[in-house]
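Below: the structure, in structure tokens.
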Amino acid sequence: MKNIEKLEQSLTYEFKDKNLLIHALTHKSFKKSYNNERLEFLGDAVLDLVVGEYLFHKFAKDAEGDLSKLRAALVNEKSFAKIANSLNLGDFIFMSVAEENNGGKEKPSILSDALEAIIGAIHLEAGFEFAKTIALRLIEKNFPQIDAKILIKDYKTKLQEITQGKIGQTPQYETVRAFGPDHLKQFEIALMLDGKELARAIAGSKKEAQQMAAKIALEKLGAL
């Protein structure tokens, strides 16, 4: 049995029903009669509302579109995996030996899903306000500067606006290669403008690599 008391201490929440926490920590590969997918579904909805309400009050003058971008920057696999890592959540997840040997304890998708499942479990046992308090504490701890300019790093849109305005061209993003094991896949992206390569970047997803390449291009153009 994993020492889930350590996890409860990190969460600052002690489950009355320990089986509910174990349920939230059980990945589908563990081959039990239950897994955390349904709790993940619930936790995802709770976190979406928690973050939406938080941003609504924190950025009272911002338009709906900006709030949606902010929420998308916080409510995603990468952000939740970061929070999960701060809790050492991978050490507590129940999964098959095969999944663990395949890097399952470090997979952002598994970590993110488990975090959502835990929030869903807290909501079930203690109610929305309790889940909200814990979720916000974790978010603020891991993202101390919740600021639009910091979170919304949409370099692709900014670059496109500049290039279309100045030369009437839209940047193109080409996948040069994908490499590495499945759980640590890397993508190399080349940013092409008017048939010429302007920048190149490597990241763990195509979207992230495209954003990095766009940032490099903006720096070259003196727009950052």
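A Cβ is built for glycine as well, from the same backbone N, Cα and C atoms used for every other residue.
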Q.
Per Swiss-Prot, which of E37, E40, E53, E188 sits in the Mg(2+) site along with D113, E116?
A. E40
Q | Distance from E116 (active site) back to E40 (Mg(2+) binding site), taken between C-alpha atoms, in Å | A | 5
**Q.** Integer Cα-Cα distance in angstrom, D113 (Mg(2+) binding site) to D44 (active site)
**A.** 8
Q) Which chain-mates of D44 (active site) that are at least 6 residues away have a CB under 8 A from its CB, listed by sequence? A) E116, G120
Q. According to DSSP, which kind of secondary structure is E40 (Mg(2+) binding site) found in, if we only use helix, strand and coil?
A. helix
